[in-house]
Structures are given as structure tokens and as C-alpha cells.
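Engineer: Pulled from Swiss-Prot, these are the listed features:
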type	residues	note
TRANSIT	1-24	transit peptide
BINDING	Thr45, Gly46, Lys47, Gln48, Lys71, Ile124, Thr125, Glu126	CoA binding site
BINDING	Tyr189	substrate binding site
ACT_SITE	His284	active site, tele-phosphohistidine intermediate
Amino acid sequence: MLRSTVSKASLKICRHFHRESIPYDKTIKNLLLPKDTKVIFQGFTGKQGTFHASISQEYGTNVVGGTNPKKAGQTHLGQPVFASVKDAIKETGATASAIFVPPPIAAAAIKESIEAEIPLAVCITEGIPQHDMLYIAEMLQTQDKTRLVGPNCPGIINPATKVRIGIQPPKIFQAGKIGIISRSGTLTYEAVQQTTKTDLGQSLVIGMGGDAFPGTDFIDALKLFLEDETTEGIIMLGEIGGKAEIEAAQFLKEYNFSRSKPMPVASFIAGTVAGQMKGVRMGHSGAIVEGSGTDAESKKQALRDVGVAVVESPGYLGQALLDQFAKFK
């Protein structure tokens, strides 16, 4: 477990550590996943690392190796195993890392990626101590080389370039024009299914994860999507807890819906019933109703007020986007 001394003031800053312009903002572009992305796996030879590295290889992702200090010098899935991320980058030119290691050492694995200055680190691990992630948040905000997705997330995938870094089921994805950002893994797949079914497809799908200190949040993804030439519409999937969706609504009001031709945005917010259970954590560490603005109804209303098409069931996301495309045509 990582140790750091963190004040209450630092805690407040880190919960929203990339709202102001800081060096870390420069790494948002690292989320794009071009075809030449070279991926390594931390925890490469473990059961989950092996399983998902193999699926990514079959999908078309360029997996160039991985790390396991105890097996450095060996070959796994036809690729070399290295002692460290730094060694892997030096030998393979890796530009992204998928982190599949147990919770007690996951923050240390993220720290290693940051120190090695790999452009993109995607941490799938659930159950990382929040104090450890607060330490990582402080590291991230002072550097401009590494972008983190997660932890506790399904990962990130670009169907057009066939770059998959995570645990997503590849068969449901279709290259297209909708950018998806989600706090929930299963809701992500429902949104993907909806956009595939309506033939809208996906440009980039980011699972930000449900923990309290995500490396990439809604506004980071929205900044990327609004400037990305391959993205023409957005799906935002939120849930109870925190005020990230409220902040995203204000961002969309200022930077999207004020445009002469806004980008269509649809959203689903999970946890309507949970709003009656204040102070109770619902699954994710960040999914807890703490007061005004953190419940599902407040978030849905904030999004509706700025022009987002908010649906009551994820099964309506595809049609909601089609309606928005017609509206803004």
C-alpha cells in the first residue's frame, strides 16, 4: 500500500483535480488510440492478464509484451516479458499499458507507469484503497506525460483502429460516430449495443470507472469528443454519488449547446431508487448519495436543463440519439 500525508484541503482539490487548467490536461489527447498504439500488460502472465491480452490480440490490438519481475526474459503469448514498464518501453516502444494486478499493489503499478512516462495507463483493478488513489491523483496533476483511465473500469476501446485495452466483449462493438463515457461497465455495454443496433456505431468508448478518484472523468472525455473529427454524438452514463454529472452538464451548456450546431448528447443516470437511501454505498466506492446534487434526479434534471436527452431506461439511448440528430440537423 502506498503511503502519503494528505490534508483535507488536498482531498478537496484531488476530487476535482483537473477542473482548472493544469499540466495533466495535456494528456487528454492520449485517449485517442490510433492504429499504431503499442500495448503492454502489467500482470501479463497472470490469469486475467493472459486471458484479456489474448482477446485483445485476436481483436487486432498490437500487444507487444508485458511485465512480471519474476519472469523477465521469458516469452508469453508470443511476446517478451520484462522486469519493469521502463524496460518494456525501451525495448518495444510501448505507448499504453493495461494494468491487471491485485488491489494491494495496483497503485504501485500505476505509479510505475507514471514514472516511466507511458502515454496511457488503463487500470482495470477494483478495490484499490482510496487513500492509495488519492496519492496517485496528486501524482497525476503535476505531470503532463501519462493519462490514466480507471481504476475499477472496463477500459477503453476504439472499434475503428481495433485497439482494445480492457475487458470489453469485442463482438458488440461497431466502428462509427458516437463517443461513449461511462461510470458503469455493464451500462457501457448496453449503450454500445444500442448504438450498434441503430447503426450509429462508436468512435471511442471510455469506461471511467466508479471509484471516487478516476484518472479520467466526464469533462475530460467531453473535451476530447467535442474536438474529435470522428465523433458526431455523445452518450454519457452516470450514477448516484458525487457531482461529476452536474459539472458535466454545465460544461456542455457552455461549450456544446451554445454552438450554432450542437453535438447530440444522450444520457442515462442509474440509481433513481437508491436516492432514497442516503449515506449507503451502492456498489462502486463513488456511488453514494451524500446530499443535494448527488442523487439521480438532481443529475437528470441538470442534464435536461442544458439540452441533453435524458432517458429513463438505457434501452432508449439509441433512439434518443437519433431524435437528437434529427433535431440538430
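Cβ from N, Cα, C; glycine included.
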Engineer: Of Lys47, Lys71, which of the binding-site residues has the most Cβ neighbours inside 10 Å?
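Structural biologist: The residue with the densest Cβ neighbourhood is Lys71.
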Engineer: Using the alpha carbons only, what distance in Å do you get between Gln48 (CoA binding site) and the residue listed as 'substrate binding site' once rounded?
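Structural biologist: Given the Cα positions, Gln48 (CoA binding site) is 20 Å from the residue listed as 'substrate binding site'.
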Engineer: Between Tyr189 (substrate binding site) and Ile124 (CoA binding site), find the distance joining the two CA atoms and give it rounded to the nearest Å.
Structural biologist: 16
Engineer: For Glu126 (CoA binding site), name the DSSP secondary structure in the helix/strand/coil scheme.
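Structural biologist: Looking at the DSSP assignment, Glu126 (CoA binding site) belongs to neither helix nor strand, so coil.
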Engineer: Quick one: largest C-alpha distance among Thr45, Gly46, Lys47, Gln48, Lys71, Ile124, Thr125, Glu126, binding CoA per the record, in angstrom?
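Structural biologist: Farthest Cα pair among residues binding CoA: 24 Å.
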Engineer: I'd like the number of other C-beta atoms within 10 A of the C-beta of Thr125 (CoA binding site), please.
Structural biologist: 25
Engineer: For Thr45 (CoA binding site), which residues of its chain lie six or more apart in sequence with Cβ-Cβ distance below 8 Å?
Structural biologist: Gly66, Asn68, Lys71, Gln74, His76, Val81
Engineer: Check the binding-site residues Ile124, Glu126 for other C-beta atoms within 10 angstroms of each C-beta and report the one with the most.
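Structural biologist: That would be Ile124, with the most Cβ atoms nearby.
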